[in-house]
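Chemist: Right, I'll just put the structure down here and ask away after.
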Amino acid sequence: MWRRSVVYRFSSRISVSSSLPNPRLIPWSRELCAVNSFSQPPVSTESTAKLGITGVRSDANRVFATATAAATATATTGEISSRVAALAGLGHHYARCYWELSKAKLSMLVVATSGTGYILGTGNAAISFPGLCYTCAGTMMIAASANSLNQIFEISNDSKMKRTMLRPLPSGRISVPHAVAWATIAGASGACLLASKTNMLAAGLASANLVLYAFVYTPLKQLHPINTWVGAVVGAIPPLLGWAAASGQISYNSMILPAALYFWQIPHFMALAHLCRNDYAAGGYKMLSLFDPSGKRIAAVALRNCFYMIPLGFIAYDWGLTSSWFCLESTLLTLAIAATAFSFYRDRTMHKARKMFHASLLFLPVFMSGLLLHRVSNDNQQQLVEEAGLTNSVSGEVKTQRRKKRVAQPPVAYASAAPFPFLPAPSFYSP
């Protein structure tokens, strides 16, 4: 009896302790006990005594399995997030390389000139915004391809210049085949977009400009200073491209903005060549500033081309492209940049060259804004032409009547018209 009572007391203690695991040893015991209390029916005291230790082991195994699964899920999530972060970093790296290969800021300026040409070429107050977007997108792709090819051909030169040695190709951030593939895809996509959404004339001008820039201007930079004038032709084509995309043809009015761009680029690049002459010499480029140590020749060239831009405002008004206000604005703007060029001509220092360079940066957006602000639509042009024709016809009729009147009058001797006392002047004579 004594043994049975001792065994019974010991088993009851085991059952109580096994049914309520110690939370200090197993932190999840309370939750597990709560789950077991709702999910399992009550059992007898003897069965609990026999299975107490087994229940604790099964609960511990269940907790361990749950913790292992949670750790595995956490590790999988961390691995996925690390892979996503690596892919995002890789995408950011190549996106930056494409941005620098395309010379995005310069390409945006090209797109701005092309878009201005498109708006001027519409000739009407209503502008086709889808056509404008297609033109700008195609121009951007062509410019990105041309600039990328330019950097591919000039890897060795760029590696010797301070301002270009950190570009993607000289620094090794992207391979040459990768850059070639990018330039090819961008150029082909831009030409196809212009051909399908605008017209073949615009696509042809864009493709020709790409070839002229990448395969003529780029190698010519290392051969002869005339490369600056060839590059000016390249810069003058985008507004012509935009005009052709809008109207499908090239007219006299379409040449005003390209002419302004051509003459504007000369003082702009002369100032840049003077400021970066040491870098150009290190890179092996044949710029005019390297053959003009005093800077007098490049200053004279810059000043002369500034004067060439003065008549453009009058021509734009005379040809019916803009209103008369543009004459005044264009003249004042051109005289302002000519003043900086004259200042550089008198005192050929880096400070004066930098002032002329900054003035050239300001000139182009203001000039294009004036063209857009004062442009005259086709209807207004026709009205002006009709008014001018009516004025000319009225003045012509007056001249004809006066001529007929003079012919109808008989010839009068000079003596009869003289103030003679006894010979009065003829009645039809009007002094």
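In case you wondered, yes, glycine gets a Cβ from its N, Cα and C as well.
Feature table excerpt (Swiss-Prot):
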- 1-33: transit peptide (TRANSIT)
- 109-129: transmembrane segment (TRANSMEM)
- 131-153: transmembrane segment (TRANSMEM)
- 174-194: transmembrane segment (TRANSMEM)
- 200-220: transmembrane segment (TRANSMEM)
- 226-246: transmembrane segment (TRANSMEM)
- 255-275: transmembrane segment (TRANSMEM)
- 298-317: transmembrane segment (TRANSMEM)
- 322-344: transmembrane segment (TRANSMEM)
- 356-376: transmembrane segment (TRANSMEM)
Chemist: Using Cβ atoms only, state whether the transmembrane segment (109-129) and the transmembrane segment (356-376) have three or more pairs under 8 Å that are 6 or more apart in sequence.
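Modeler: Contact between the transmembrane segment (109-129) and the transmembrane segment (356-376): present.
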Chemist: Among 200-220, 226-246, 322-344, 356-376, which stretch has the highest count of C-beta pairs below 8 Å with the transmembrane segment (131-153)?
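Modeler: Looking only at 200-220, 226-246, 322-344, 356-376, the most contacts with the transmembrane segment (131-153) come from 200-220.
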Chemist: Give the nonlocal contacts of the transmembrane segment (200-220) in its own chain as ranges (CB under 8 Å, at least six residues past its ends).
Modeler: 135, 138-139, 142, 145-146, 149-150, 153-154, 187, 190-192, 194, 226-227, 230-231, 233-234, 237-238, 240-242, 244-245, 248-250
Chemist: Using Cβ atoms and a strict cutoff of less than 8 Å, what residues sit near the transmembrane segment (356-376) while being 6 or more residues removed from its termini?
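Modeler: Result: 109, 112-113, 116, 119-120, 256-257, 260-261, 264, 267-268, 270-272, 275, 302, 316, 320-323, 325-326, 329-330, 333-334, 336-337, 340-341, 343-344, 384.
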Chemist: Within the same chain, where does the transmembrane segment (255-275) have neighbours whose Cβ lies under 8 angstroms from its own Cβ atoms, ignoring anything closer than 6 residues to its ends? I mean 6 or more beyond.
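Modeler: Those are 113, 116-117, 120, 228-229, 231-233, 235-240, 243, 287-289, 295, 298-299, 301-303, 305-306, 308-309, 312, 315-316, 319, 321, 337, 341, 344, 348, 350, 353-354, 356-357, 360-361, 363-364, 367-368, 371, in sequence order.
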